[in-house]
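Trainee: According to Swiss-Prot, the signal peptide annotation covers 1-23. Swiss-Prot lists 45, 144, 189, 190, 356, 422, 466, 482 with the feature beta-D-glucoside binding site. Positions annotated as disulfide bond by Swiss-Prot, on the basis of similarity to another entry: 209-217. What Swiss-Prot records for 216, 221, 364, 388 is N-linked glycosylation site. The active site, nucleophile feature in Swiss-Prot is assigned to 422.
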């Protein structure tokens with residue numbers, strides 16, 4: 001199925017879409033050499049084959065089968081496990097330069113540790129090789145809401161520091177098996193959202209929470225568990241990053257005596273030559289603005305940035321949590337030992353930014369008074385989404401929010417390299433293939449990235465649209481869509497069809513859009 005084989009049908013609509021975004025004066029050539037454009041998915045949302053070839057359940061399997069995503073689950077999803085060649089061909093036809101996907105930990109290591117599943121290993125080798133054959137960079141996420149259920153059952157998953165050992169061993173396996181072809185690694189997806197949804201509100205795996213903060217809570221403690229989970233995720237991320245730098249990236253042979261280097265260093269040099277990648281972490285962000293110009297609302301907005309972004313990035317840059325968090329959360333916030341602080345500080349090569357929406361922020365300091373506390377009372381704000389936005393509606397088009405986040409990361413954390421790992425527009429799955437709102441959204445946000453890069457000096461390295469195709473969504477199952485490609489979930493073959501946004505993105509990437517140059521505008 002060649003992507004542009006039905007371009008003639010879409011030409012009038014593409015022209016209409018271009019008219020709608022005619023004020024966005026930029027082209028692919030305005031971005032610097034080395035900047036990559038891609039799209040993304042995650043394992044449970046797209047692979048299917050949930051019970052095939054040795055894969056065992058993850059916490060997302062259990063979550064979905066408990067009915068948390070309605071009646072749907074990811075047992076089949078888009079069946080990329082069997083259709084990866086077709087999907088990579090569609091990516092190549094579209095002109096994608098990179099594909100962000102995640103590895104299913106429980107497909108590769110069915111027990112969470114120990115022996116590798118040969119069929120799982122073969123699948124990811126095949127996918128990576130197919131991408132490279134078509135000139136597409138593989139960008140790999142190691143954990144995307146899908147911890148092996150075996151580890152959750154054994155010791156409580158991310159609530160136990162035992163997870164640091166097992167995650168590091170899992171990362172080591174991935175670096176060893178795929179690192180000769182994969183140069184971009186994200187350890188954990190949306191650390192903050194995973195912790196809040198899974199351990200405070202109970203609306204994402206593993207669905208832990210406590211009243212009155214969560215919904216239908218049967219286990220958990222919303223007051224402390226989110227903070228414990230993030231603490232252990234940061235330690236696990238740091239451990240994996242240090243492992244990569246010490247065993248797969250840093251050349252150690254120079255310090256070895258020549259007498260033992262003859263036999264040993266040859267192997268070492270071969271290994272190190274192939275390992276030249278970078279390791280980062282992913283953070284969900286909101287573009288936050290004060291509801292009023294009052295001092296309290298401005299301070300509240302600063303707290304939102306501290307609690308959502310600083311919760312993750314502050315330890316990685318400065319070795320500790322933000323002072324506002326330590327003050328408001330108190331003893332419920334785990335403390336880094338001196339050794340742990342040294343380990344997490346600097347343990348990243350890039351920051352993965354995820355951004356969809358913007359917030360108005362109002363001070364609510366009175367929420368600090370109750371005896372029962374959780375993240376939402378600790379942050380002490382009232383937040384309202386900008387525009388007519390909810391998980392039920394299309395997102396408001398607020399590209400300034402992404403610009404704001406990129407500027408904040410630059411100014412607060414020393415302008416680290418950044419990849420936009422997710423950004424996209426939601427529509428009902430039943431909506432038309434003529435997704436003009438998605439075209440407008442993507443074109444606006446891509447221009448915002450260019451502005452942040454060329455006018456503000458943010459060190460942005462790439463942009464990944466979410467998602468490549470309609471997938472099994474965490475909120476809404478198959479009823480909500482972010483895809484460039486429509487997937488007919490009622491068709492046994494799960495037919496893929498390019499939407500208008502796919503044609504627009506393809507035209508942009510191939511340089512066939514005729515916007516005036518941003519540099520000359």
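A Cβ is built for glycine as well, from the same backbone N, Cα and C atoms used for every other residue.
Note that this is a predicted model, so its numbers are computed, not measured.
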Trainee: If we count other C-beta atoms within 10 Å, could you say which of the recorded positions 45, 189, 216, 221, 364 has the fewest?
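Mentor: Looking at the recorded positions 45, 189, 216, 221, 364, the Cβ with the fewest others within 10 Å is that of 216.
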Trainee: Using a 10 Å radius around its CB, how many other CB atoms surround residue 217 (disulfide bond)?
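Mentor: Its Cβ has 17 other Cβ atoms within 10 Å.
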Trainee: Could you check the binding-site residues 466, 482 and say which one's CB has the most other CB atoms within 10 Å?
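Mentor: In terms of Cβ crowding, the pick is 482.
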Trainee: Counting only residues 6+ away in sequence within the same chain, which have a CB under 8 Å from the CB of residue 144 (beta-D-glucoside binding site)?
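Mentor: Correct list: 42, 43, 44, 102, 189.
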Trainee: For residue 422 (beta-D-glucoside binding site), write down the residues of its own chain that are at least 6 apart in sequence and whose Cβ falls under 8 Å from its Cβ; none is a fine answer.
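Mentor: Residues satisfying the criterion: 40, 354, 355, 356, 464, 466.
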Trainee: Which whole-number value in Å describes the distance between the Cα atoms of residue 45 (beta-D-glucoside binding site) and residue 364 (N-linked glycosylation site)?
Mentor: 37
Trainee: Looking only at DSSP and grouping its letters into three states, which state does residue 45 (beta-D-glucoside binding site) belong to?
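Mentor: Assignment for residue 45 (beta-D-glucoside binding site) reads helix.
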Trainee: Among all the protein chains here, how many other CB atoms are within 10 A of the CB of residue 190 (beta-D-glucoside binding site)?
Mentor: 25
Trainee: Between residue 209 (disulfide bond) and residue 190 (beta-D-glucoside binding site), what is the CA-CA distance rounded to a whole number of Å?
Mentor: 18
Trainee: Which of the three DSSP-derived classes (helix, strand, coil) applies to residue 466 (beta-D-glucoside binding site)?
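Mentor: For residue 466 (beta-D-glucoside binding site) - judged by DSSP and reduced to three states - the answer is strand.
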Trainee: Which of the recorded positions 190, 217, 221, 482 has its Cα nearest to the Cα of residue 364 (N-linked glycosylation site)?
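Mentor: With Cα distances computed to residue 364 (N-linked glycosylation site), the winner among 190, 217, 221, 482 is 221.
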Trainee: Roughly how many Å lie between the Cα atoms of residue 217 (disulfide bond) and residue 482 (beta-D-glucoside binding site), rounded to a whole value?
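Mentor: Between the Cα atoms of residue 217 (disulfide bond) and residue 482 (beta-D-glucoside binding site), the distance comes to 29 Å.
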